[in-house]
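K.L.:
Residues or ranges marked as repeat 'ANK 1' by Swiss-Prot: 3-32. Here Swiss-Prot flags 33-62 as repeat 'ANK 2'. According to Swiss-Prot, the repeat 'ANK 3' annotation covers 63-92. Residues or ranges marked as repeat 'ANK 4' in Swiss-Prot: 94-122.
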Amino acid sequence: MVDNNYAVRLASRNGYIEVVKYLVSIGADIKADDDYAVKWASRYGHLRVVKFLVSQGADIRVNNDYAVQLASENGHFDVVKYLVSQDANIRADDDYAVKLASVNGHVEVVKYLVSQGAVLNQ
């Protein structure tokens, strides 16, 4: 038997929205392992998957708003903007999202996060 919870995380990581939708329809738990599916979708920039998972109840704020940190670290501007629109806390973990975007050279993300209240000098 296939572990649908693990399968939905892998499909989310790879951006396979139709697979994610199907797995959810047959009972995959998108909240398994502290909402890992939405974290992986955010890390790899799969906005459609992130939006779907949020619409199904994924918690973007789990683990100190790790989803927005991962999206920021990897320069996924559209995902960052969406997560912020869904009340992700960009100041979580001592403004770690903007620090990750900075260290990885994602200037567009850095500018956006600062415009939304992130603090650089801590």
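Backbone N, Cα and C atoms are what each Cβ position is placed from, and that goes for glycine too.
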K.L.:
Taking residues 6+ outside the repeat 'ANK 2' (33-62), which of them lie with a CB under 8 Å of any CB in it?
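P.N.:
Cβ under 8 Å, 6 or more out: 5, 8-9, 11-17, 20-21, 24, 68, 70-71, 73-76, 78-79, 82-83, 86-89, 92.
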K.L.:
Could you pull out which residues elsewhere in the chain have a CB under 8 Å from any CB of the repeat 'ANK 3' (63-92), counting only those six or more residues past its ends?
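P.N.:
That would be 34-35, 38-39, 41-47, 50-51, 54, 98, 100-101, 104-106, 108-109, 112-113, 116-119.
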